[in-house]
Each structure stands twice: as structure tokens, then as C-alpha cells.
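Here's the structure, in C-alpha cells; my notes come after.
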């Protein structure tokens, strides 16, 4: 999950400056300007643009009247979820803080990907090419969040003054304006249904997006098919996969060496497997080998360093009765590996060949690999280098269009957008559940204490004091996570 946005509604009210920064040359112009803004529901202040309207009130009222019994069960489920989420969010933040502190005290780069929650800073750990997905998913999550508050409030007979949207610095969001007098007159349990409705709707949206993501192959089956390989949608110019005999947009990769590729996941797992296993060998007839001999000074020039067609291979040659000696041979690589059987040992070649053959392997550095990329009907792409360079030189998708006019990027767009919705809507559910000042968790905690402690702690001021210290602790926990998370992202 990502927690790039920490406040959606109430924080903006505290942070927004109440005066206009636009030039106002006269009282007349100022009054005219303010009237123009007010007539359109706009409020403008430094770093904050806000728009509010009542045009959706009828829609909210209609939703609040649909199947009252079902809505009662729906928002009661949200109440239970909100209480559980409040406790779970604290546990999650404590765990994330522990992970961050552990990461700060280690030099292991792999620790960075093990955090449960991570602060997102656009342009730092969020590519600018993903900003459209990020802000669109964030806005959708905020609107669904506020829809929950609005419908729950109307069901509890609390008036909704209006619905609005805002942009704070560059972050979009939404809010609903509830009539405070009505809100204070209802019971704490009714208040809990309203306050928990936002995080409940974020959770439901997260689950719905996750379900859509898993069902995407079925939903797109009439126009796209999967399981045939990994479809190339982009090749990085100048990369290892670029070139006349490299990969092209529209190619379907079906294999890496002897590892079959049926989709993007297989592509990644095959490259990881090839990176951590010994170099694949090839069965070659002994008669075709021309061993390279050492010079008098002991050095050996197996293949010319400038050769683009030949590659140095090594193999074990019997020496004496029981001995074996490593020999080297320079061979035309494309001709040699085309149609030959792969091997891991001499026994693999002996079992499948009538003529005497030997298992030869490319003579390369430890981390360098020679990889045959199968993408029919084209000839193999031959790659020599570090496997991660090959992995990040292309963009792939599991979805292959059935018709030529279908866009290759449509499934990628749907997949990426769903992943951002899952991440951001889930993050809003977690963060807004935290008992923290200016977030939904503040009002959820206050209503919960009023509903449960009224018979145990009869003094209202004592209950408020308990709530204050709990909110202080929750705010400190959230602030520590955000501060350390930002430091890890930007300063390290």
C-alpha cells in the first residue's frame, strides 16, 4: 500500500489560509470577485482550490432510501469494520515503524521492499509516467469515501449541506459538509455508522478492484487471450533488446533458454532462475569442435574481442584414464545454438545423441549469461549480459489481442489503474482509521468511547481526557511513520 496522502478532509481546513492571494485593486472589485467565486461554490486560497455544490444531494438522498434493511446491515458491517480497522491500523503502523527503523540500521538494499506501508513522493519513488494513474485512483478513492459518509448521514437523518472537491498543492480529494447540529443530536452508535462509512467504502472499493484485477482475463477473453506468451508492448531504445535481431513491439516471447514463458510472471521467474543457476550448455558434435591452443606465454585468445558473431565456449575433454581437462573453442554462436539440445552435463548429450557429442557452455563472467530468447516465427534473439538488463529493456503484457485493431496498452491501463485503486483506497482505509487528530479516526474514537465508556467512566471530561491521550499517541505514531518514511525516500 501507499500513504502519499495523509489527510483528505479536515486537515485541509486547518492548513488552508483564510485570505485570498489574488490582487484586489478596489473594494468594488473585491466584492464582485468574492460574489463570483461564491456563486460558483469556489474558494481559493494559497495552495488550495475548493469547490462545493448541492447538485448531488438528491442523488445521495435517493441512495439513502434504497432498501432500508439492506442499508442498515451494510452500515452496521461498516461500523464493525471501522472498529477492527482502528485497532488494525495501529498494529500496522507499529509494524511499519519497526521495519523502517530496522531498514535505517542496515545496509541491506532488499529491506526497502519489505515495508508494509510506504510513503509515496511523486517524482521520487513514483515515476512521473504513473502520475495520471496515481491522481485518478486517489480522486476516485476520495469520492467513494465521501459517498459513504453522505449516504450514511442521510440514513441517520443528518442533513448534508453539500459535496465538494479540492486540490491541495497538487493532491486532489473530496469532502462532504454535514450539518453539525443534527450530528450532535444522534446517538454515538449512529455517529459511528457515519464516521466508519468512509473507510468501509474504501475497503469495499479495494476488494472490488482486486476482484476485477483477478477477473480481468475472463472479462477480456472475447477480445484478448492469455497463456500464449508475454507480448512485447515497448522496447527501450538503445537497450539490449533493441536492434534488427532484437525484439519488436508485437512479438510474443515464448521461452528463455529451456524455460517456457506463458506470461509476464514466467518472464520474470525465468530470468531470476537463469541468474541464479549455472549457465545453460548445448550439445555439440565432437567433430565440429576446433579447440583453441594456448600461446607460449600461457595466454589464450579464444575469440576476437571485437567479434559480433562468434563466442567462446568451454567444455571438458577426457585426459588420460580418469582425468578431464577444460578446453575452449571459438564457434559461430547463432549457427551453433540453433536447433541444438540444451544440457546441464555430459550425460544429457549422451542420452539423446547417436554421434559422439559434448556439452559446451559459453565462457563468460560469473554474473553474465548467454540467453536465447524464443519469439516465433522470428529467429532466436541472442543476449549476452546481465539478466536484469534484459528484464528492464522491454515492457510486456499477458494479454494478446485477437483482432489487429485492438490497442496493446488497454489491458495494461486497466491492470495498472486497478493496482493503484487497490493500493490507494486500501491506504486511505488504513490511514483514516488511525486514531489521529484531523482524520476520521478522531471522530470514530470519540464516538466509540461515548458508546462504550459512558457507564464505566461517568464523567464526560474524563472520557474526553482519555480520548485526547489516545489521539495524541495515534497522531505521534502516524507522524513518526510519515517523517521517517519521507526521510528514507528522499534523504537516503
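Quick reminder: no glycine exception, Cβ is built from N, Cα and C everywhere.
Note that TrEMBL annotation is computational and uncurated.
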Per TrEMBL, the range holding transmembrane segment, considering 71-94, 95-118, 239-262: 71-94
Contact between the transmembrane segment (131-148) and the transmembrane segment (465-489) (3 or more Cβ pairs under 8 Å, separation 6+): no
Considering the transmembrane segment (71-94), which listed stretch of 160-179, 199-221, 465-489 counts the most C-beta pairs under 8 Å: 199-221
